[in-house]
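Student: First, the structure itself, so that you have it in front of you.
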Amino acid sequence: MTDNSKTRVVVGMSGGVDSSVTALLLKEQGYDVIGVFMKNWDDTDEFGVCTATEDYKDVAAVADQIGIPYYSVNFEKEYWDRVFEYFLAEYRAGRTPNPDVMCNKEIKFKAFLDYAMTLGADYVATGHYAQVSRDADGTVHMLRGADNNKDQTYFLSQLSQEQLQKVMFPLGHLQKPRVREIAEKAGLVTAKKKDSTGICFIGEKNFKEFLSSYLPAQKGRMMTIDGRDMGEHNGLMYYTIGQRGGMGIGGQKGGDNAPWFVVGKDLSQNILYVGQGFYHDALMSTSLTASQVHFTQNMPDKFTLNCTAKFRYRQPDSKVDVKVNGDKAEVIFDEPQRAITPGQAVVFYDGDECLGGGLIDNAYQEEKICQYI
């Protein structure tokens, strides 16, 4: 039997059930485990209670229960500089960012990893639903989590080979109900705690209110692609490509009652374009361009790739051809795709292996750029 007692694993503990069970499993496997709570955002709810304080109490209770030391580390400045400023800049540019991708890249597997090294860590572990496999030569591959509903490789797609070398995902082979079962059997205080949802720094707050407290909203015209005036929008940043509803327009007199969708944005003219029908022509595209393209393995500067891709979390994979040039790529779809959204991640897969990904810049219909500018 392997003696893990000399291998130190520092676990990122959020106060949720997933990271609690991660720490428990590693402790049971004999590792030298330390728990660390990351405070990334100064947050108080409507009653003036800091939700991070409550989460830290749960971390402390779980750590005491399973018998591991624990620390708290403050990454508020790093989070603001590396994740939140990016989030605001993307919305300013009329895009729809994915802060979770950036948080994993910059905070959980960079700032936290660096901190863990000061504690003498051999590895860091988190409660993400993903798996890693290690080749004989030490190369690490990232694989989808066994629970298809929970697989989080989409959000981990910007991790480098160097980061993956130091990572463990103990929940990767488990289904979520089994994780709760383990927590309940061990009597962990977090066993029945509900999963957190949404963007971590917004929490349960109204998204519109939150965004408008940081970025001024500018109202403007709402139009169809063929130029019909449809009234006024409340600010382009509040709308995302493919969004249904929230525009204040229902069935039009003398027209059909098909639902309305956001089909485009013109930032320079401050116009929101809308259209009827889920598969409205303006929502369909045949390719995209991406930047900040990155692979988990060391790859040449220029190459082509035939693989599958996801353009948003929890969507089925689609077959694509990828032409990579440095940190940029053109991604050509086998079948037209709906509502490709600038700012979101495009993530590449070969079977169950997550190869990497990038951030979507623009979508195209044949050679023509879609109206997402």
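Placement of Cβ uses the backbone N, Cα and C atoms for every residue, glycine included.
The shown structure was predicted, so the numbers you read here are calculated from the model rather than taken from an experiment.
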Student: Which single residue out of Gly127, Gly138, Gly145, Gly172 does Swiss-Prot record at the ATP site shared with Gly12, Met13, Ser14, Gly15, Gly16, Val17, Asp18, Ser19, Met38?
Tutor: Gly127
Student: Can you tell me how spread out the ATP site is, meaning the largest CA to CA distance among Gly12, Met13, Ser14, Gly15, Gly16, Val17, Asp18, Ser19, Met38, Gly127, in Å?
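Tutor: The ATP-binding residues span at most 16 Å between Cα atoms.
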Student: Give the number of CB atoms, excluding that of Cys200 (active site, cysteine persulfide intermediate) itself, located within 10 Å of its CB.
Tutor: 17
Student: Which of the three DSSP states, helix, strand or coil, fits Asp18 (ATP binding site)?
Tutor: helix
Student: Measuring Cα to Cα, tell me the gap between Gln344 (site 'Interaction with tRNA') and Cys200 (active site, cysteine persulfide intermediate) in whole angstrom.
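Tutor: Per the Cα atoms, Gln344 (site 'Interaction with tRNA') and Cys200 (active site, cysteine persulfide intermediate) stand 17 Å apart.
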